[in-house]
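Per TrEMBL, the features are as follows:
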REGION    1-36  region 'Disordered'
DOMAIN    47-449  domain 'Major facilitator superfamily (MFS) profile'
TRANSMEM  85-105  transmembrane segment
TRANSMEM  112-131  transmembrane segment
TRANSMEM  173-192  transmembrane segment
TRANSMEM  238-259  transmembrane segment
TRANSMEM  288-309  transmembrane segment
TRANSMEM  321-339  transmembrane segment
TRANSMEM  351-376  transmembrane segment
TRANSMEM  388-406  transmembrane segment
TRANSMEM  426-448  transmembrane segment
Amino acid sequence: MSLDEHTSDSAPLFSDDSEAEGPNGPDAQQHPEEEASGVSRVRAVLIVLTLCYINLLNYMDRFTVAGVLPDIEQYFGIDDGNSGLLQTVFICSYMFLAPFFGYLGDRYNRKYIMSAGILFWSSVTLASSYTPKEHFWALLLTRGLVGVGEASYSTIAPTIIADLYIKEKRTNMLSLFYFAIPVGSGLGYIVGSQVSSATKDWHSALRVSSKRSCLCCHLQCGGRPLNSGALSSISCSFILSTLGFTAVAFVTGSLALWAPTFLYRAAVFTGQKPPCVDEAQCSSSDSLIFGIITVITGLLGVASGVQVSRQLRKKTARADPLVCAAGLLLSAPFLYLAIVCAQTSTVATYIFIFLGETFLSMNWAIVADILLYVVVPTRRSTAEALQIVVSHLLGDAGSPSLIGVFSDSLRKTDSFLWQFRSLQISLLLCSFVAVVGGAFFLFTALFIEKDRNRAEKLRLIWDQPHITITTCSLVL
């Protein structure tokens with residue numbers, strides 16, 4: 001076994017070797033970031049900003065449909081069960097294709113994989129905006145195909161950030177990346193509802209989303225990955241944190257699709273707004289307000305989660321899973337109060353939603369960081385894909401449709417009272433799932449120290465090829 005054969009398995013992040021050496025050759029002194037990735041500080045920041053912008057558009061596109069859901073229901077004449085399928089088919093295709101793209105991301109050029117995915121995703125989003133009224137199945141098909149493009153991006157982007165930065169800087173950059181989730185989601189509601197209201201046509205909202213994402217398909221934001229060459233066994237921390245994140249996905253998936261519609265039905269039930277009938281344009285103010293709340297709570301939640309975790313790490317190495325558990329357990333009662341108060345006080349409902357979503361958003365960046373430090377670098381894309389599969393399979397792949405089916409089954413008549421009441425009872429499931437998710441993160445805290453130390457030892461061994469070569473020589 002030659003030295004070249006062994007070191008080929010730990011190729012640099014970028015294919016141009018001159019970039020890794022720097023302007024003055026391989027012996028030149030590098031910045032701390034360059035020691036880990038071989039990429040200059042400026043280019044690393046530009047790469048992260050590009051990834052963040054694309055992730056923002058990713059989630060804007062994902063939740064534009066939720067912002068105009070009452071109009072879609074009215075246009076196609078569908079019930080809650082079919083409405084929930086719009087999110088379910090997207091998540092299912094996204095979920096099942098994530099392992100495939102995770103496998104590719106660990107072995108081939110990530111830049112080209114993501115660029116192709118973004119172009120495909122924006123094209124099918126644009127195609128979905130031309131769905132005729134008689135073919136609801138075509139809208140379901142195109143929403144499913146959107147998941148193909150997004151899977152190619154979401155499984156790979158965090159691993160590029162992990163290759164560029166280490167320790168605290170990695171946590172900070174991941175926080176910036178995951179700010180795009182709540183901010184993009186909120187902007188999806190806002191842009192979708194307001195474009196639909198301005199043009200009197202919900203199709204226009206999807207066209208705006210597709211044009212914005214298409215602008216990014218040519219941007220270079222990644223290079224050749226670290227090739228797979230080390231086996232990392234799945235740790236208890238990874239399994240339990242993934243199950244905890246599954247609860248987060250279940251709750252956010254349910255609220256993302258149904259919260260604006262629920263708030264609208266509550267306003268109709270209490271007489272504050274007229275019902276959406278015939279070809280009339282449905283009120284978009286609830287989607288606008290919910291979108292603004294999602295943006296603000298996302299920023300506050302992600303930032304506060306990272307900051308609390310950083311301070312708590314000074315006292316315990318179990319800080320990350322404990323903060324995640326606290327976020328979910330604290331969100332549960334506020335979400336419950338938001339749902340039960342909708343019929344009596346709109347202001348109280350929005351306040352409780354604000355608090356519940358803030359605590360729920362504390363998890364995003366921390367869960368991603370847990371995965372990255374309990375999994376060796378050569379298996380991060382695969383682990384990211386596995387987490388996506390599990391969290392979506394048991395989380396938001398089925399939760400929107402499940403809530404819709406429960407709502408239809410509980411509805412005794414098609415009156416405004418039962419349209420609101422059945423959906424209200426169904427959404428109470430979110431609070432229960434949040435408590436279960438908090439319990440999973442508490443169990444994660446029991447194993448996190450041992451699993452992190454184990455992954456770090458494996459990484460150090462892999463970073464020293466001469467040790468492996470000596471061992472092989474002795475065996476031979």
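Cβ coordinates come from backbone N, Cα and C, glycine included.
A TrEMBL annotation is a machine prediction, not a hand-curated record.
Because the structure is a prediction, the values reported are computed rather than measured.
Most Cβ pairs within less than 8 Å of the transmembrane segment (321-339), among stretches 85-105, 112-131, 426-448, belong to 426-448.
Restricting the average to the domain 'Major facilitator superfamily (MFS) profile' (47-449) gives a pLDDT of 81. Of the two recorded stretches, the transmembrane segment (173-192) lies close to the transmembrane segment (351-376), with three or more CB pairs under 8 Å once pairs fewer than 6 apart in sequence are set aside. The transmembrane segment (85-105) shares the most Cβ pairs under 8 Å with 388-406, out of the stretches 112-131, 238-259, 388-406, 426-448. Here the transmembrane segment (426-448) lies next to the transmembrane segment (238-259) in space: the count of CB pairs under 8 Å, restricted to residues six or more apart, reaches at least 3. In this chain, the transmembrane segment (288-309) lies out of contact with the transmembrane segment (388-406); the count of Cβ pairs under 8 Å, excluding pairs fewer than 6 apart in sequence, is fewer than 3. As a quick check, the transmembrane segment (351-376) and the transmembrane segment (238-259) clear the bar of 3 or more Cβ pairs under 8 A, pairs 6 or more apart, so the two touch.
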